[in-house]
Amino acid sequence: MINYAVQRFIQAIIAIVGVLTIVFVVMHLSGDPTLLLVPQDASAEMIAELRSQLGFDRPIYVQYLDYIYGLTHLDFGMSVVQRVPALDIVASRLPYTIQLAAGALLVAIGVGIPAGIIMATMRGSVIERILTAIVVTGQSVPTFLSGILLIFVFGVTLRWLPTSGAGELSAMIMPSIALGALSMSTFARMTRIAIIDELSKDYVRAGRARGLSLGQVVFRHVLRNASIPVITIAALEIGNLLAGAVIIETVFAWPGIGQLAIQSIQSRDFLVVQVIVLLISFVYVLTSVLADLVYVFVDPRIRLVR
Amino acid sequence: MSVMTSAHIVRQRLRRVPLSVIVVSIILAVIVLLAVFAPLVAPFDPNKQTLLARLKEPGFSYRGMTYWLGTDDLGRDLLSRTLYGARVSLGVACLSVVVSTIVGVSLGMVAGWFRGWTETIIMRLVDIMMSIPAILLAVLTVAVLGPGFMKLVLVLGLTRWPRYTRIAYAQTLQVSNLPFIKASELAGAGAIRILLHHVLPNIAGPILIVVTAEFGLMILMESGLSFLGLGIQPPSASWGSIMSTGRQYIERAWWIVAVPGFGLFLLVFSVNVLGDWLRDQLDPRSRSR
């Protein structure tokens, strides 16, 4: 178990270094990253000054090593626009995004998993068909469209909920639903497949033969076994929800890091954008490591195979 | 998973195509035709502004011309803009899927065939690429490179190839041990020949499943990026950018969002239904229902 955990962490570190490298390459794709950080009407001298100030005139490998060195000391650079560390700006907005992602995860799990259970256990019924239609629909509506639709129905027409901002709890309802809809479909599908897989196994037949009802077998035995693939999905979905926040926060004027990313692109504050991309990728990598560890913990069989 | 999947099974099962699949295929065909023939079908020039006809509701008539689906904030015909927008959405999605399929499948086959350090490097890169959420990587790259049709295609194509690589790699590993491939290797066929003529046809089924799933996702990503103002730039119409305008006028003119939004939904829904069905046909594991 410990061996496996160590191995998995080493993999994660390689992945994180890889992510840092890719982001570095992307930032240099335009040829000269200085141009990303100055206003469009900047003079040549201003650009040259900033270039040497930020060290973009040095050889590329020196820049790369410097960049990695800075990151290991939690130095993500200064925001060119606001003249404060980029990390601080992102940190001040982070709580809003965590709040929103938690709300969305709640919606996704709370609706998706029960829906998946019903779809797997009541195959062929009318309820299953209706749920399937809802799941496929949830998958086909882009988050910004469902966001705008919610705003139109509950914000503009019915005037039940606020259409933007992050004041009261009621402001969280619509963005959470819009953001969680896609994950909800994923959870429903994965739960359904996992349970159907389990239902075809011998222990289910044995349980039924002992006189247990389908519901009893499902709740006593199947759910525990089917939970394993679902845990992995949950971990991956956390990363997806954070990434999806970029769009949904723009729709709802929600003051989290997603809105900050878009605002920073518009004000050409690319170091802030870089911090956000790195941060979300770290979360992505770490949650998948945790998922794998939980996986092993829940299912001892995996340990033996490795 | 047996290798003789594709051809035989597809032929057998095509005879029992469910109604829903037929319906979405027709919808898909209609959308594609409308997009291709947009210049012929569209009643107006999509960029022609008529300031006296701003934010008018569907069915509004002005100087003998009817705006069937209403107008936007600059008095442009929404039907025409949505038709032209379909060209952008479908065009970007198709081309970027082509890019990522070519890149992803070649890398996957190479990794699966040559093994060794080639395999290690390629598959590590896949793991790394997959730890950055695609939409974020796309947002960052487009923001760095600047907007534009071809840039959008390249960015979307080059962020999504790892999915194809994983499938192509796993399938190539399975296929490459089969007798007929060993035979052609012994007969002196080169790696490129074997991969293109023998491996590729036999791994096409699973790749097709990824292609359909990714196609729907690409449409969503393109519209998302354009919605954020990072994709197709005005005055060109794209469903995402039209809806981004519509968001501002939602209280006065709901149709600006509703028209391209419905189109987007129909398109992605059809692609998803078709993709699900295809997967059930080609993947024996999920066929259990």
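Cβ from N, Cα, C; glycine included.
TrEMBL has this to say about the protein:
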- B:21-42: transmembrane segment (TRANSMEM)
- B:86-275: domain 'ABC transmembrane type-1' (DOMAIN)
- B:88-114: transmembrane segment (TRANSMEM)
- B:135-158: transmembrane segment (TRANSMEM)
- B:208-233: transmembrane segment (TRANSMEM)
- B:253-278: transmembrane segment (TRANSMEM)
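The recorded stretches the transmembrane segment (B:208-233) and the transmembrane segment (B:88-114) share 3+ CB pairs below 8 A when only pairs 6 or more apart in sequence are counted, and are therefore in contact.
Sequence-distant contacts of the transmembrane segment (B:253-278) (same chain, six or more residues past either end, CB-CB distance under 8 Å): 17-18, 20-21, 24-25, 27-28, 31, 55, 57-58, 69-70, 72-73, 78-79, 81-82, 85-86, 89-90, 208-209, 212-213, 215-216, 219-220, 223, 239, 242-243, 245-247. Residues 77, 79-80, 83-84, 86-87, 89-90, 263, 266-267, 269-271, 273-274, 277 of the same chain lie 6+ residues outside the transmembrane segment (B:21-42) yet bring a C-beta within less than 8 angstroms of a C-beta in it.
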